[in-house]
């Protein structure tokens, strides 16, 4: 005997459970949606996201740091002019650090061109620079005589290798996922704003109540009552 009321309660609860999704759509504030859309559009107008700008700064730091270490190495090994002439003009693959500096310049040019100027959203450019850097440094460490030239024979190859892989990690796990998330969030906000614009006029029209026009019969009765009231009492 108690099954019918229980079934009725379950139907009511299920119908109530389906209502919040519609209520959430109806309760969206268009002003807040427009503010969010304008904020996202403002980020797009800037041309480059904050996380991508941080990545470009780190790429610049890579070049400057390797350049600083190379200048220190030139100054330590007998003066900048003498060592620079020996490593650049009399370049020797087995003993020169000049190619490691050129490798940092190569990474900087490719990555800034790809991710700052062209604003790529793919990992192929940094995969190329990291693969070239890793292969060159491994070959140089195996074939050259850098380890016999003091601490810089260890520092420059290791630092260049670590910085290249940090750039790869930062782009693949921070820059590209965060930009994709922001783009999806913008699409969701725009979709919600379009739904709110379509649904709110219907809600307003359903909430308005209008009194029906007076019928002709009612107006005739009122006129007859007025005439009866105006008749003189004998």
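The backbone N, Cα and C atoms fix where each Cβ goes, glycine too.
Remember, predicted model here, so these are calculated numbers, not experimental data.
Database features, via TrEMBL:
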type     : residues : note
COMPBIAS : 10-24    : compositional bias 'Polar residues'
DOMAIN   : 48-219   : domain 'MENTAL'
REGION   : 1-24     : region 'Disordered'
REGION   : 203-234  : region 'Disordered'
TRANSMEM : 55-76    : transmembrane segment
TRANSMEM : 96-116   : transmembrane segment
TRANSMEM : 123-143  : transmembrane segment
TRANSMEM : 149-166  : transmembrane segment
**OP:** Please indicate, using numbers and ranges, the residues of the same chain that are 6 or more beyond the transmembrane segment (55-76) and have a C-beta under 8 Å from a C-beta there.
**Re:** 48, 83-84, 87, 97-98, 100-101, 104-105, 107-108, 111-112, 115-116, 150, 152, 155-156, 159-160, 163-164, 166-167, 170-171, 174-175
Subject >> Across the domain 'MENTAL' (48-219), average pLDDT on the 0 to 100 scale >> reply: 85
